[in-house]
Each structure stands twice: as C-alpha cells, then as structure tokens.
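Undergrad: Quick one: the structure is below, and I'll ask about it shortly.
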Amino acid sequence: MVVQRKYTAMVGGGIPSPTKVVVVGYALTSKKTKSFLQPKLEGLARNKGIQFVAIDPSIPLSDQGPFDIVLHKLSGKEWRRVLEDYRQKHPEVTVLDPPDAIQHVHNRQSMLQDVADLNLSNAYGKVGVPKQLIFEKNPSLIPDAVKKAGLRLPIVAKPLFAKSHELSLAYDEFSLQKLEPPLVLQEFINHGGVLFKVYIVGEAIKVVRRFSLPDVSKRELSKNAGVYRFPRVSCAAASADEADLDPCVGELPPRPLLEKLAKELRRRLGLRLFNLDIIREHGTQDRYYVIDINYFPGYGKMPEYEHIFTDFILSLVQRK
C-alpha cells in the first residue's frame, strides 16, 4: 500500500501551503489497536496533520509507506529482524522503539538493572528496586536460594518474561516450592496498597494512582500460608485517583524526582514509550521502588493521552 502525501494546511486567503501529512505506520496487535487508536485520538491527529496507516506484516515493509514514523508492538524474532533491516535501509524513518531496546525490558532480569545501577538519590527522595532473585531451575531449590539471598517473606513471584502480568504472593517457605520457574522473586514491600503508574511519552510524564496489593502485617504473615495468585493487579478498574486516600499513601512522587528518573531511563534504556510502576515504602515519605517497566503500555488509560501523543509525534518530525 502506497500512502499519498497530501497538502492540507491552509494559509491566509485559503491557499494550500505545502505542509505534508505526517504518516505514522503502525504494527500493533488487534487488542492494542483497539485500545490505542480510539476515535478521539484519530480525530485529533487528523486535525494536526497526522495520518495513522496500518502496516501489513505479510507484505515487505519497504514496499509500504512511505512512513515518517513506524509505531510497533508485535513480538517474535522474524518481526524484529524485519524491523532492524528496515531501520538500516531507511534511517530517515523514526522507529518507535528500537527492537533490541524493547527486548531488554521484556526480560525482568535486565529490566530493572538500569534502575538499580542508577541508584538515584536527591533532595526529593531515593529510587531503587526491591531485593530480587532470578530463578530458572528446579522449584524445590527455591526456599534455600531465597534464604541464601536474604529475601524476607512474603515473596512476590513474576514470570521472568514480561509477556504475562500475572503475579503470585508466597507467604511461607514451603509454598515457594509450588512456584513455576523461570521466575523473578521480589521481596514484597508494604506500600499502602497504592502504586503509581508513571507514563512516559518522549519527554512528557503523566502519573496516575492505581490500587495494588494490600500491606501484609507480621501477624497476617504468621497466620497465612500458601501461594495467592493475582491475574492482573493494576487494571483500569482499579484506578485510585478518585479515592479518598490517606495523604501519606496517595501523595504523588515529587515531580523533580520523576523527571530525573525518566530522563536517565530514556537514555539508558533507549526507549521513548514506556511506563514505570513505582511504589512508596509505607511509613516513609521519600523511599521509592520501581517494581516493573512496560514498553508501549495502555496509553488509552492515561488522561489526555491524545494531546500528549500527537504533540510527541509532531515534535519528532520537527526535530528532523
């Protein structure tokens, strides 16, 4: 499919000015297309001179377009190869984002390493990652490995590869053997049952509150046993933005801290479209932990995403 460039902008007297439409080719799953390409976004994009065009994965990418930007969230080695080849042959096209950089955050072992290496601390707070352990072997060995690593119960278990949002909470050592590797085992940190989703679109940052797993007291820990599975914790229905929260729990992380964190991670990860799940340790004012990073998250749930995203697209083209 060949995209026709149009002349849409009007100058004084109604004479068309030669401002071309910004063509964004998108390769997304049907679910992502539905949640992201909502009518309001497409309408606003049209008004700003942006056209979204579906990419057909069954046709060579170089035979489609021409594109100014390629937006994608498809998986598989073959797609990564196609995209890398396209990037080499078409350096004038902005690919959001580089496939290798995306792979880095699909693996929960490497995902949080950049945050840990950053060891970010300033006047507004400190950002780290929970103590964690990667386990890919025999589950019967997990209790010993957890003890050796010094992880305290309860333990959060997540799939090593971030295609699944399912997580489990293990309350006792014996239950750890019931988990199914490959896994990331993270020390659970009480955080008032609220997490902060920090959406990053280029240099723009938007934060929303989401309900999360409730705190676990020492008494509960001594009484409970077993593994509790949670299919998806921070879903849209669990928005905490309208809830009457204790200010100690609900107060958003300081803007300067988030701006510094986002700037450093954009540089280290090589990504421009991602979000961070951040918690504040309960009982502290300034101790934050990044517990997850997602590439091209559900922006449709982000307030004002249509304006933020279209402004971002135009800024990419202007920089060229």
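Heads up, the Cβ atoms here are built off N, Cα and C, so glycines get one too.
The feature 1D-myo-inositol 1,3,4-trisphosphate binding site is assigned by TrEMBL to Lys32, Lys73, His165, Lys197, Asn294, Gly298. Residues or ranges marked as ATP binding site in TrEMBL: Arg108, Lys158, 186-197, Ser212. The feature Mg(2+) 1 binding site is assigned by TrEMBL to Asp277, Asp292. What TrEMBL lists as Mg(2+) 2 binding site is Asp292, Asn294. Taken from TrEMBL, the feature domain 'Inositol-tetrakisphosphate 1-kinase N-terminal' covers 23-102. The domain 'Inositol 1,3,4-trisphosphate 5/6-kinase ATP-grasp' feature in TrEMBL is assigned to 122-314.
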Undergrad: Sorted by position, what residues of the same chain at least six away from Arg108 (ATP binding site) have a C-beta under 8 A from it?
TA: Ile134, Lys158, Pro159, Leu160, Phe161, Ala162, Val184, Asp292
Undergrad: Based on Cα coordinates, which of the following binding-site residues are within 10 Å of Lys73 (1D-myo-inositol 1,3,4-trisphosphate binding site): Gln186, Gly192, Val194, Phe196, Ser212, Asp277?
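TA: Those close enough: none at all.
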Undergrad: Counting distance between Cα atoms, which of the binding-site residues Lys32, Lys197, Asp277, Asn294, Gly298 is nearest Asn190 (ATP binding site)?
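TA: Closest by Cα distance to Asn190 (ATP binding site) among the binding-site residues Lys32, Lys197, Asp277, Asn294, Gly298: Asp277.
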Undergrad: Along the domain 'Inositol-tetrakisphosphate 1-kinase N-terminal' (23-102), what average pLDDT does this model show?
TA: 95
Undergrad: Can you check which residue among the binding-site residues Phe188, Phe196 has the largest number of Cβ atoms within 10 Å of its own?
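TA: Compared across Phe188, Phe196, the most Cβ atoms within 10 Å surround Phe196.
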Undergrad: How many helix, strand and coil residues does the domain 'Inositol-tetrakisphosphate 1-kinase N-terminal' (23-102) contain under DSSP?
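TA: Output for the domain 'Inositol-tetrakisphosphate 1-kinase N-terminal' (23-102) reads 36 helix, 20 strand, 24 coil.
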Undergrad: Cα distance, Asp277 (Mg(2+) 1 binding site) to His165 (1D-myo-inositol 1,3,4-trisphosphate binding site), nearest Å?
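TA: On Cα coordinates alone, these residues lie 12 Å apart.
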Undergrad: What's the most sparsely packed of the binding-site residues Gln186, Asn190, Ser212, Asn294, counting other C-beta atoms within 10 A?
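TA: So among Gln186, Asn190, Ser212, Asn294, the binding-site residues given, the one with the fewest Cβ atoms within 10 Å is Asn190.
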Undergrad: Whole-number Å distance between the CA of Lys197 (1D-myo-inositol 1,3,4-trisphosphate binding site) and the CA of Phe188 (ATP binding site)?
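TA: It is 18 Å, counting Cα to Cα.
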Undergrad: What is the Cβ neighbour count of Gly192 (ATP binding site) at a 10 Å cut-off, with all protein chains included?
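TA: By my count, 19.
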Undergrad: Tell me, if you would, which residue among Asp277, Asp292 (binding-site residues) has the fewest other CB atoms within 10 Å in the structure shown?
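TA: Fewest other Cβ atoms within 10 Å, among the binding-site residues Asp277, Asp292, is found for Asp277.
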Undergrad: Taking each of Gln186, Phe188, Phe196, Asp277 in turn, which of these binding-site residues have a Cα lying within 10 angstroms of the Cα of Gly298 (1D-myo-inositol 1,3,4-trisphosphate binding site)?
TA: none
Undergrad: Of all the binding-site residues given, namely Val194, Phe196, Ser212, which is spatially nearest to Asn294 (1D-myo-inositol 1,3,4-trisphosphate binding site) at the Cα level?
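TA: Its closest listed neighbour, by Cα, is Phe196.
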